[in-house]
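Features as listed in TrEMBL:
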| type | residues | note |
| --- | --- | --- |
| DOMAIN | 65-507 | domain 'Amidase' |
| ACT_SITE | LYS127 | active site, charge relay system |
| ACT_SITE | SER202 | active site, charge relay system |
| ACT_SITE | SER226 | active site, acyl-ester intermediate |
| REGION | 523-549 | region 'Disordered' |
Amino acid sequence: MWGRLGKWVVWLLVWSMRLTVWPYSRILSFFRKKTPLPAIDNNLLLHSATSLAEKIRNREIGCEDVVQAYIARIKAVNPELNCVVQDRFEQALQEARKVDLQLAAGTMTEERMKDERPLLGVPITVKESIALKGMSHNSGRVKPKQRVATEDASFVRRLKEAGCIPLLVSNTPEVCMCWETFNNVTGRTNNPYDPRRTPGGSSGGEAALLGAGASVIGLASDIGGSGRLPALYCGVYGHKPTPGYIGIDGHIPVSEDESWGNFFSIAPMCRYAEDLPLYLHSISDPTKRENLRLKQPVDLKTVKIFYIEEDPSILADRVHPEIKTSMRKAVAHFANKFNVIAQEIKIKELEEVYQVAGVVMLRMKSCNSVYQKTEDNPAEWNSVLWTYIKYIFGFTEHTHPPLIYGPIKKYADSISEKEFSEMLELKRTLMQKFDEMLGDDGVFLYPTFNDLANFHQQFYYKLLNTSYFTLFNLIELPACSCPTGLAKDGRPVGFQVAANKHQDRLVFAVAKELESAFGGWVPPPSIPPQEKEAAPNSKQALDKVTIQG
């Protein structure tokens with residue numbers, strides 16, 4: 001592993017990148033306007049998925065009305081955010097009408113519907129890297145053109161069986177290989193709280209829709225914080241579940257490596273904490289889900305809380321003060337309300353997570369990348385050097401972030417077996433320490449990232465902070481990024497809550513309590529309804545919005 005000198009060399013390289021990227025990104029942001037979104041003007045958009053499902057079952061509201069409300073909201077915000085790759089609005093409305101007709105016929109009792117179809121009539125949005133039958137499934141790539149999913153991923157099928165109505169597939173960076181969201185097919189997705197900033201990646205399209213109030217539950221993925229970082233940046237919930245419960249089929253990229261399913265996970269995202277248990281229950285393999293005990297109540301007075309405010313590595317930047325403040329408020333809240341005294345801890349091995357998590361992931365058998373020669377064989381690559389040369393001279397359709405995968409994978413593969421064994425031993429040590437610390441009644445609070453949503457393109461020089469979220473991919477624990485309101489400048493604030501394997505329900509209980517205490521999701525800045533018509537070009541933009549379908 002890198003010694004102290006090696007770490008300083010890496011740190012200096014990244015800082016040299018900062019000197020170039022920071023002025024460039026700030027100049028670009030100067031010429032972009034911080035445009036507020038249209039206001040949320042339909043109360044149906046302010047219900048949780050759990051509440052919507054109950055009201056639809058009881059016929060208090062119509063499923064078609066709910067779906068129509070979300071379609072209208074998507075059309076209103078997409079011109080500013082650019083989240084949508086392809087929609088299925090007409091099919092969704094047809095499915096919603098069928099739900100209303102079925103309910104009117106009274107062929108199923110409310111109790112049976114709640115048990116068998118707990119999300120009946122609830123609209124959902126899906127990341128384009130996930131197979132949704134009949135929809136674009138290209139993971140932000142220019143080639144192969146117009147790849148369409150021929151069948152649903154197993155977990156998508158389970159959500160449909162639970163009653164969800166998919167509305168669209170959302171934007172992702174090329175092959176999901178960036179912590180911002182842009183590609184050469186759909187373009188760049190913007191943050192709903194400030195379009196000059198990124199929603200994060202790779203599930204940025206989902207996070208932006210959720211943050212804007214244009215989706216209530218979203219289906220994303222997480223191999224290195226891809227669900228949790230965007231959740232932080234857009235002020236919503238992003239959960240990386242305990243591995244093994246959901247399935248990993250129907251996703252691009254994918255790897256045949258036996259360790260892939262330990263790092264990679266489908267990631268439920270939502271706006272309201274109460275939806276997390278129901279969502280994970282509905283999406284999980286029915287032969288395994290009972291092990292999660294998601295319907296079993298959690299007594300927060302018996303939960304142990306541990307926390308660390310900052311990554312101890314010399315490579316990591318300091319944590320934003322408002323993130324630290326939100327964590328301290330949470331610690332104080334649990335002490336005052338439940339008499340649970342949180343313990344601040346130190347774990348020396350966290351200093352090495354940035355390198356170890358990266359190398360362990362990169363050493364896995366090749367997954368889909370921009371280097372593969374054919375669609376069917378990710379392991380057979382074109383020349384990394386030649387691909388880079390073509391990119392420099394503008395002779396390639398690829399964006400830059402996924403190109404980085406080539407040289408860093410070659411670096412990871414070049415590491416000696418002795419050094420790699422030391423990394424695996426450090427991973428085992430971390431897993432053992434967390435297992436002993438958390439047991440079956442502990443949670444761990446940790447920043448999702450060191451900073452709040454950055455301006456577009458600034459993530460290049462923030463890469464050394466990715467250990468905050470890759471830690472939980474490395475040690476295979478469930479972790480959820482939980483929003484705790486807005487910073488003084490209007491950006492969402494939050495942090496991660498993690499627990500031991502199979503203890504996702506503890507995470508959800510703490511998330512719900514944090515939401516109750518600090519507010520959770522807060523709608524982004526908006527144009528008041530009375531000002532909409534006066535806002536320049538707002539009505540024209542809404543009239544002209546066309547979404548590829």
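Every residue gets a Cβ built from N, Cα and C, even glycine.
With a 10 A radius on its CB, SER226 (active site, acyl-ester intermediate) counts 34 other CB atoms from all the protein chains. Cβ neighbour count for SER202 (active site, charge relay system): 34 (other Cβ atoms within 10 Å of its Cβ, all protein chains included). When the Cα atoms are compared, LYS127 (active site, charge relay system) and SER226 (active site, acyl-ester intermediate) turn out to be 11 Å apart. For LYS127 (active site, charge relay system), the Cβ neighbour count at a 10 Å cut-off comes to 29, with all displayed protein chains included. Recorded residues SER202 (active site, charge relay system) and the residue listed as 'active site, acyl-ester intermediate' have their alpha carbons 5 Å apart, per Cα-Cα distance. The secondary structure of SER226 (active site, acyl-ester intermediate), as reduced to three states from DSSP, is coil rather than helix or strand.
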